[in-house]
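Contents: one structure, followed by commentary.
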Amino acid sequence: MPGGASLLSSGGMADYGGGLTVPVVLTCLMAASGGLIFGYDIGISGGVSEMESFLEKFFPGLLKKTAHANQDVYCIYNNQALTAFTSSLYAFGMVGTLVASRVTRRVGRQAIMLAGGSLFLAGALVNAAAANIAMLIVGRMLLGLGLGFSGQATPVYLAEVSPPRWRGGFISAFPLFISIGYLIANLINYGTSRIPGWGWRLSLGLAAVPAAVMVAGAALITDTPSSLVLRGRHDDARDALQRVRGKGVDVGAEFADILAAAEHARRNEEGAFRRILRREYRPYLVMAVAFPVFLNLTGVAVTAFFSPILFRTVGFESDAALMGAVILGVMDIGGILASGFAMDRYGRKLLFVIGGALMFTCQVAMASIIGSQLGNGSKMAKGYAVTVLIVTFVFSASFSWSWGALYWTIPGEIYPVEVRSAGQGAAVAINLGLNFLQAQFFLAMLCCFKYGTFLFYASWLVVMTAFAVALVPETKGVPLESMGHVFACHWYWGRFVKDQKVGDEST
């Protein structure tokens, strides 16, 4: 074999050639641009939901309700039809993810990303032209299917083409683009809120721009070597690997390990979803469930969805609330950039510990301030409201530094090739399903539990940080094809995963 024997076949961890080349950087950036549609929709949904022109057209009863000063401020925006505007997207995103995970092995990662961008583009145009709530929801359904396809394929694509030494940073480009999309959406909301009558249409319609960027990016990149090998296109796969690693780099050892992993998958052929339920895949199934569950229990999803409404609840006017959401987007980007720099230098676990401690402190502080200062028919004093704003900013940066980046990085890199589509598909589907539940019921939860909502999330932050420290293996710098070795050496997961040659038939 060119370049020497594969280290993976002997149970070790390979150190392949190739590094930070222009082709791999451009390929990963074009793939990661799919994160723009995630971030844009999260930002747009919250901002549009509190625009008076939008509420007047679709939810006039809610607009009248907000005008009454004697309303319980925790409950002013508790409207199930309004939250359905946000949550319907995530319900169909879950469906899209499950469909994509079923077909991605047959059609490839690139085709799934193209389909996702196209569906999102169609949904943006339908929403911009919406004449009634039904049309609005149909547009959200198309957007959701696009998100599901993109979320299933993009992190795996990034994991499969990135050099092992820099994989964490490359995968974190996806949540970075999510944060950039969120920031752009809030800047647009801040401007369109000043356009009477149709500003909301511009906000929703401009979602077509990041969708077009994603379609263009997916069209210009090659499929991943692993995906091409699984479809029997070995020559194309080697060419694709050579293209992203750079001319003159010996890719023989890495390509041999990709072939060995694919052969192992074929020799143990059965449905990926059935396979991941087997005992030897127990760690991967646990991660596929635990990561999205814990991600949602940080409380960040509802903060992102409803930040303008939350800021208005504590006393800010509409413009100030939207500007607060813009600053929130800047903090997200800062956290993601810092995380991308740190995770491949200091490891994943340090990020979990620092982020978990800061987020816990922020949630407790939010509960304390809001619980003592906010009541029926009252608005919070300006000093306390500014403090809530600052605490929310710190919380957002801490989340982006830890779970925000690592949710996409770790599940995207740990799964063996034979269950990779199922594991990533399950993780994203569960995440979108929980996004749906939280988006639909958070405002009702805030109305019912009031400041206790933040204590609920704080308690879960303790649990998830302990889980990350004890049960998530350190994967810094580990090649994808050597992940089984890491789990086999883990103090707990080693009882399930055996450190065997990739070519051996699993029992």
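The backbone N, Cα and C atoms fix where each Cβ goes, glycine too.
Looking at 69-89, 111-131, the range annotated in TrEMBL as transmembrane segment turns out to be 111-131. Looking at 137-158, 247-268, the range annotated in TrEMBL as transmembrane segment turns out to be 137-158. Packing against the transmembrane segment (111-131) from elsewhere in the chain are residues 31, 34, 37, 96, 100, 103-104, 138-150, 152-154, 157, 201-202, 204-208, 210-212, 214-215, 217-219, 223: each is 6 or more residues past its ends and has a CB under 8 Å from a CB in it. Counting Cβ pairs under 8 Å that are 6 or more residues apart, the transmembrane segment (454-473) and the transmembrane segment (170-188) reach fewer than 3 and are not in contact. Remark: the transmembrane segment (321-343) makes no contact with the transmembrane segment (137-158), by the rule of 3 or more CB pairs under 8 A.
Nonlocal intrachain contacts for the transmembrane segment (350-371), taken as residues 6+ away from its ends with a CB within less than 8 angstroms of a stretch CB, comprise 298-299, 314, 339, 342-343, 380, 384, 387-388, 391-392, 394-395, 398-399, 401-403, 405-406, 450-455, 457-458, 461-462, 464-465, 468-469, 472.
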